[in-house]
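Contents: one structure, followed by commentary.
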Amino acid sequence: MAAAAGEARRVLVYGGRGALGSRCVQAFRARNWWVASIDVQENEEASANVVVKMTDSFTEQADQVTAEVGKLLGTEKVDAILCVAGGWAGGNAKSKSLFKNCDLMWKQSVWTSTISSHLATKHLKEGGLLTLAGARAALDGTPGMIGYGMAKAAVHQLCQSLAGKSSGLPPGAAAVALLPVTLDTPVNRKSMPEADFSSWTPLEFLVETFHDWITEKNRPSSGSLIQVVTTEGKTELTAASP
C-alpha cells in the first residue's frame, strides 16, 4: 500500500531534468523523499539517476530504461511515477517538417508515457499514482500542430486504458493525465515574450498538485483527464468530459 501520511515517499520522475521535472525533484527532495530522475541528462539534486540513451529504436530505449530502473529499485516499490517528459513542435500536414516533428513528438510523449506505464506495472505500490502529461489542446483538432496533437491524444487514450481492470497496474493504483494549456517555464517566456503570463500555469501549482495526489488528497479517479486552466493568475483543475 502507499505510505502512510507523514512518511517519506519514493518517487520516480520521468523527465527529471526538464523545467517541471526539476521542480518536482527539488520540492520532493526538500521533503526528504527519495526521488529518482529518468532523463537524457543527470539531475544532480536527485537521489538517483537513470540516464536515457538516445536512439531511434523504441524497443532499445524501453528495454534500457526498464532494465536500469529494475537494477536501481530491486524489490523496492515506489509511491508514484510522474511522467513529466514532453515537448512541443508545430506544423500542419503540409509542413516540410511534418515527419520530423511527428517523430520527435512521438519520442518525447508517447515513448516516455508507455515506458512509465510499464514501469508502474513492475515497481508501483498498490494504491500508488502514475501521472501522464497530456494537453488540453489535444481534446480537439490541432491543425497547426499535427504531431503534437496526435501524440498527446495517444497519451490521453493510454491513461484511460490504464484505468481498466485488466490494464496491468497494481490494485488500487491510479493513472491520471494532466492537460495544461501553457506552463510558465523559462523557455516558454523566452519564445513568447509578449504573451499574457497570467494565463500560464505556474510550475509550483503542478508540484503541489502532484504532492496532494501522491498523499491521496483530492486524487482523481483512475483514467481521469484533468484540465489545467489558468485565468488571471488563478489556476483551476476540471475533469474533461469523456
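In case you wondered, yes, glycine gets a Cβ from its N, Cα and C as well.
As recorded in Swiss-Prot, the features of this protein are as follows:
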type	residues	note
ACT_SITE	Y148	active site, proton acceptor
BINDING	12-36	NADP(+) binding site
MOD_RES	K71	N6-succinyllysine
MOD_RES	K77	N6-succinyllysine
MOD_RES	K94	N6-succinyllysine
MOD_RES	K100	N6-succinyllysine
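Structural mapping of features recorded in Swiss-Prot.
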| residue | record | DSSP (3 states) |
| --- | --- | --- |
| L12 | NADP(+) binding site | strand |
| L20 | NADP(+) binding site | helix |
| F28 | NADP(+) binding site | helix |
| A36 | NADP(+) binding site | strand |
| K71 | N6-succinyllysine | helix |
| K77 | N6-succinyllysine | coil |
| K94 | N6-succinyllysine | coil |
| K100 | N6-succinyllysine | helix |
| Y148 | active site, proton acceptor | helix |
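Taking only the Cα positions, the spacing between C24 (NADP(+) binding site) and K71 (N6-succinyllysine) is 23 angstrom. Spatially, by CA atoms, the recorded positions L12, N32, K100, Y148 include one closest to K71 (N6-succinyllysine), and that is L12. All protein chains considered, the CB of K77 (N6-succinyllysine) has 16 other CB atoms within 10 Å.
Between the alpha carbons (Cα) of L20 (NADP(+) binding site) and Y148 (active site, proton acceptor) lies a span of roughly 18 Å. When the alpha carbons of K94 (N6-succinyllysine) and Y148 (active site, proton acceptor) are compared, the span between them is 15 angstrom.
A separation of roughly 19 Å, to the nearest angstrom, links the Cα atoms of G16 (NADP(+) binding site) and K77 (N6-succinyllysine). The Cβ of K100 (N6-succinyllysine) has 13 neighbouring Cβ atoms from other residues within 10 Å, across all protein chains displayed.
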